[in-house]
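What TrEMBL records for A:132, A:206, A:231, A:261, A:265 is substrate binding site. The NAD(+) binding site annotation in TrEMBL covers A:297, A:298, A:299, A:300, A:301, A:302, A:318, A:421. If you look up TrEMBL, you'll see A:31-40 marked as compositional bias 'Basic residues'. Annotation comment: TrEMBL describes A:41-60 as compositional bias 'Low complexity'. Marked as domain 'S-adenosyl-L-homocysteine hydrolase NAD binding' by TrEMBL: A:266-427. Annotated region 'Disordered' per TrEMBL: A:1-82, in sequence order.
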């Protein structure tokens, strides 16, 4: 019934699987949304993977090939309501979580501030996200705020087994391991939801699979559910479709488009990861290089600023005249791709569009030109057009292919056209912290909202909560906010605690 | 009845007079809007003033002290439906207009593109704006698009007499001169509106005085009026008040908050004018200076970026945690004013708030500290608090006062706390071109909108028109926009001609 | 015998007169030196001029047309050994000096530090420089260090009369006024040198005229002279010529090429003044503009960095491959002028070369292109080639000419090709402070050097003194220098007090 | 007799071994030179290592444990005058060389330009450098210019075996393999020098070991040697010592201090590698981070510029007031380390000094502070002071240690205080190309210099050759140099082909 493609190889565990609802396939073939939103925070940081790998290797011997589903599992307190790879990794996982805690001060502050009032007392949260140290900090925060949690993984490869172990040892009902089969995947989700004597009243989803499962199998459950918090482009798109079709039966919060989260996922993250991704894969020197960046949205702005600062000469292509004018005013020549394609050393796509770089462009590039994608999906570069007999592919490093033309010309293709910054760089914990805090506040908001504030529709996080996410991260920078005086607040017609801007404010 | 303060001296003709509607005074004492929007384009560029001065001097002898209202006036074709200072200045004014035309290619392109179809055929536009060479280019564009125009000045000091002469000579019914009395001001407006055999069907206003006059004197005129285009913060605020009170009887277009216009009025303009304003007044060297910028909105972002690039060390204060976090990520220490007030060399306000810098702060500044305002109005620095007997004021240059403490400490106060970039810098013609084009397109949109598209409410310019404003300015930069293929447009779910972004897009 | 051209108008008092030694004319027609060194500090800041103007106006009535040489002059103490315009302006001049003192903390610190030991005790300094408030601070510092001073002006227009008055009132023998005739000029110099009972033992020169006069008239004086300090490109060139010819009979210090002074005169000063000069003359908006900068030395580097930061697209031309490679690595496309001449909005020369922009280039520029010079002299743009009958010149503002081609194309030529930053901007007092401090330390070094350290040759200021100039300016920035520990100094093989770098260090 | 320390582990093959001449030990304990010069180009790029590793793995099986010295070796043409690991790797090595050729266009251009005249005809070059693909391109260039070459490795770990194989197969007499013993090391050098019927007349050295060996064993050889080209700090220091002691018996060229090479080794390379090194080791997000950079020489300038551009707040410490003033003018607060040590997130040393960061500083850092060194050697951070019982070291990744204080505070120490950019980043091939070209031109210059131009002393590469190195790299950037006209050259007193600057020019 449901078709699920496995990732081709283990080298890229963070690429979201492409599970689709069979009966909605037609609809989902459309592009998720009009702007190329991205959800970096859905990936796990390479550092986590690194440390996991080392951990994995030392525990390999104690691992066996039995499926976790076939094993009897109990933690040290005798609790067995979970299903993970190996409970013995709990100590190591705990250390990982403790390190993550130090880099996620916003959630720790939230635990402290909300300790007295327990804003999630009574909340029964079922979650389906990547299971990483950062997620563990989120789950333990929700717990500290009063919630009960049951959790499954939203990706069959992204679970950090030792973190799952630590969570299970800590009493959480976690159902996830690295390398689940498709059947395992849905079994885990079902184990989270289908429990005797426990029924969720909040959903935290990343991709929409959990939501879909409940819709399909336990539609009655929605009677007790107060809301859904969804953070992925795909999941949000599904919710809007449901809403449009009049089938959304509880309020949903789209946290993907929160201001703070967007700025960090796109502008600030990509400003650094474009350099990092290019260096790790190609060791290219940026100074003096000619680069064309396709698309001048938040991602493009970040890429352009970083490369300009490193001494590259940057050209921009755009379809939107307002963004185009911004590129001009920021000091970039606005060109059509063909005007510069013969002379550039690096081509970067960040449009959210498809076939931005096509075979005709690739044919005209000069020898050694690097081609990569920082945009929404793997559609921007027409990689398929390079799979023709006269071109030779040579894998020179992980994530780096040389595509060789008959005359010897080589194009350096990175990550086979998939997202460079997810494949070849890392997402800083600080960015993940912004996302997790946004999720926690969205849960609090939906759970505590007075009757009638939210209808059966998709909402953005209220600006005041968005501002609160930002304010919780200011101490990291030893940043000191100014408070309005009463007189000033009156003059501005504002509440001293915000929100400080109208909804349409552009930041 | 109406109370009108004259500007103290001629040196600052571009400061908007503070005319207020007596009966609405209570309401208007509130702050116009929640964000510190500004309308730079309402000022005239110093260059215009410059050239005017020289012109004025050579025509001085032919000028007399008779009020224009008392003179018989006729242009070379015998037309006398205008009232200006001196028709003999027409040739000189024409040259000024021709120079402005070269710097306003967007309007010239609009003339060309719309030449065939005359989208304003039948439009009778009554306007009340600054009367400058740039406005003349706008008026002659409207005329080329088919409109008839009658025009008054929105400021008693800002009229360029020679431009008014050229317009009158060209057949426009202009009623304006530099140095009108308050009575003259309203007389001129009335002469535009109250004409036998001609009734306006479109209003182009800057400040709301024209709109107010018609409301007061000729309310029946609104029956034939298709819409109002308003471009000032104050005027827009008045319209929203009318709308809220249910008294707005035609659609109105708020062009002040168009995306393109806002970016140029604030970010791009202030990035340059902060340097220009400081240099022209103080000759200060920026390298190594410590600066605190209060407020990190568009204006603050522009100021900070420019000063950082010049080698200053910049601190930021903010009340909004999201903007505060942006300041951090852009590399500025976020502080409370008091933390750095003793050490900084320059203090710049751009908050739109009041009493951001108060006497207590001023008392703690170091000798030679420069204090200036780039924000919304003259309220940000509590200048009144410096008018105490123990402090000595010394005017050292135009727009520059030394305020001297009993111990000899001097604070360098610029423009007495009024807007630095309007008082001590110029607004580039390119920025004025963006505004004028936005106004022209708003008139076209309102005039041609199908019945029912616009109700009796205040609207933002449709995004597609906003994008069109931008696209008309791209040729200035020899910038080449990329067009979507059919396939791409379908993939993105977009029309190939835009709009390209949802309304909430933040740019 | 000597031929002296007057400046054409008063609007540009700071352009160095072109006095040349008749008998050396042949030699001086050669270019002064191989690199385009410049001496900004020889100009007076516009601020000084400003304040002077205002002063002048209030004293105009008390001024008469009698030549100062024909007046009996006495200060309030009865001393009459000076010749100035009007002793009554002394109070006003004193205020100017006091303000300058606040911006020249290095000299004030020098006064304090050297107060006890009087390192110039016994020194009899004859000086010939611009007579401005900044020079007054230098002279009073020399005096505080023990020196006796007699002073003349090095430029017939640059004297601030009120400052000269304050100096005379303070007991200095000053011979200078604004608007001297050529005869006055040499008479003043002679009065400084040719005194009964007083013979100079140190020379501080700016341009070499004083040195020349003594060579011509009083060659025997050199027997008692311990050294010459010279700060202009021209003067230094003359000294090197004398040295080469074996005619230099005392040690001379070339302070023009000190590291600290050079960096401020060129890189730091021009980084700011290119923006200032362009804005004040043309109000051009920098964002998105295409600019070509000819020459990537210190001046070019400053111009390029500033314009890039303001959002301009900058191209560079170079003849030196090393500087060219630097331009590439800094992110500028290196082109030949002709490649971009049709597309650029602004052309800036900073090469020190001649005929860098020639008529052929000017013919190909687009309408409205701005052309200006930041380089060594007025030779870079071939302005003479524009003085042909088919081109019309139109003066649109002070320092701004439109040159109009038969087809209507206008080129905007600034300062008639002379130095933009001297003609249309100001030199910050901080830069003048660096120069004055360098001069003072050079005098101290030469005066106190042990017998034999300096021969009859031209020397650069010792690096240790150069470092001392820098260190005296650090407190302005509240900058805290780290001191080497004994152990570290030993490890590095350095003296803890410097010098810290070998002579060839490139900074 | 000679004592040689092996590198501790294979993970860092590029760290220069610390071989010292026993009899000169006393002298060499002194610091090599007054400025912290560095020679990045002595390292091999990680990319080379990467590709080698993969190569190695597939050839491992065919390798045996026999020492190369014990094997009979012959290439396909029967030539056996070499000693390498495995001639079968030649094809793979050839591909590596071909890839390197594409990134070293300057040497390829040199081959082309000098093809006709063979400027090294008759030259017999003995070389001792890292043996990498880049070196192979250099050797084959020397050969194409007419030289005969014999080569050994200057580091026991840095040889790329497959490259050595390709060279041997191509007829070069190479004596080197990865993992030589100390005895092997000197044996290889000896085999290069001590040949029947062949005597070197040029030396190309990197570190001075080859030169030392000839001095010790074959001093008579110097009779026929025309010169030494040396490119390392250490080797150059040794040469200056020899010269000072009057023992240098041939001319030597110090290519380490060439202008072009220095700029790339330090400023341009470090501007990129500081970001790369920090990201690869810690995944730190730069935005908003507070960083202190110790030392504002070329390396410090590069680090500061890069971090500022990424949104970090950067503080600088300096001992030299001129560099300190530069830091101020570039917008960095100049502090003493202790003023900011408690608040910074990252500490970077680039002074060339010792004990710049000591235990007392480390004790005061905040939790999570990252500490690393970009300076001359491993002396800047007093790492030894951290090896005390109360501190726990935890290796969290390759090159990353957490040092944990009793209270749980963790300091993140990178590369144990060794050079971050050599240990944790790569040196771009472009930088290696600059060095190799400089070496080739130095050989040509020395070999062809007319009798008497060079004495028995150490020389810098003539500026004209330095400029030529730069010019050969301009085509990479499609950069077009401007040529002087005859008239201009005369005006400037320059030769049209350079040199264009005096020797003291500071760039």
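Any Cβ shown, glycine's included, is placed from N, Cα and C.
Where the annotation comes from TrEMBL, it is an automatic prediction and has not been curated.
The binding-site residues shown are A:132, A:206, A:231, A:261, A:265; of these, the one with its CA atom nearest the CA of residue A:421 (NAD(+) binding site) is A:265. The maximal spread of the substrate binding site, taken as the longest Cα to Cα distance among A:132, A:206, A:231, A:261, A:265, is 19 Å.
Between the CA atoms of residue A:265 (substrate binding site) and residue A:299 (NAD(+) binding site) there is a gap of 9 Å. The binding-site residues shown are A:132, A:206, A:231, A:261; of these, the one with its CA atom nearest the CA of residue A:300 (NAD(+) binding site) is A:261. Of all the binding-site residues listed here (A:297, A:300, A:302), the one with the fewest other CB atoms within 10 A of its own CB is A:302. Cα to Cα, residue A:299 (NAD(+) binding site) and residue A:261 (substrate binding site) are separated by 13 Å. Around residue A:299 (NAD(+) binding site), a 10 Å sphere centred on its CB holds 31 further CB atoms from the protein chains shown. The Cβ neighbour count for residue A:301 (NAD(+) binding site), using a 10 Å radius and every protein chain shown, is 24. For chain B, the nearby binding-site residues by a Cβ gap under 8 A, listed in sequence order, are A:318, drawn from A:206, A:265, A:299, A:300, A:301, A:318.
Binding-site extent for NAD(+): residues A:297, A:298, A:299, A:300, A:301, A:302, A:318, A:421, maximum pairwise Cα distance 21 Å (rounded to the nearest whole number). A straight line from the CA of residue A:297 (NAD(+) binding site) to the CA of residue A:261 (substrate binding site) spans 15 Å.
Residue A:421 (NAD(+) binding site) falls within a helix when secondary structure is assigned with DSSP. Ranking the binding-site residues A:265, A:318 by how many other Cβ atoms lie within 10 angstroms of each Cβ puts A:265 at the bottom.
Checking the binding-site residues (A:132, A:206, A:231, A:261) against residue A:301 (NAD(+) binding site) with a 10 Å Cα-Cα cut-off leaves nothing.
Taken together, the residues in the domain 'S-adenosyl-L-homocysteine hydrolase NAD binding' (A:266-427) have a mean pLDDT of 96 on the 0 to 100 scale.
Using CA atoms as reference points, the binding-site residues A:298, A:302, A:318 were checked against residue A:231 (substrate binding site), and the closest is A:298.
Residue A:206 (substrate binding site) counts 28 other C-beta atoms within 10 Å of its own C-beta, drawing on all protein chains shown.
A gap of 22 Å separates the Cα atoms of residue A:206 (substrate binding site) and residue A:298 (NAD(+) binding site). Geometry remark: residue A:302 (NAD(+) binding site) versus residue A:261 (substrate binding site), CA distance 15 Å.
Following the DSSP three-state reduction, the secondary structure of residue A:318 (NAD(+) binding site) is coil.
Summarising the environment of residue A:231 (substrate binding site), the number of other Cβ atoms within 10 Å of its Cβ, over all protein chains shown, is 27. The DSSP secondary structure for residue A:265 (substrate binding site) is helix.
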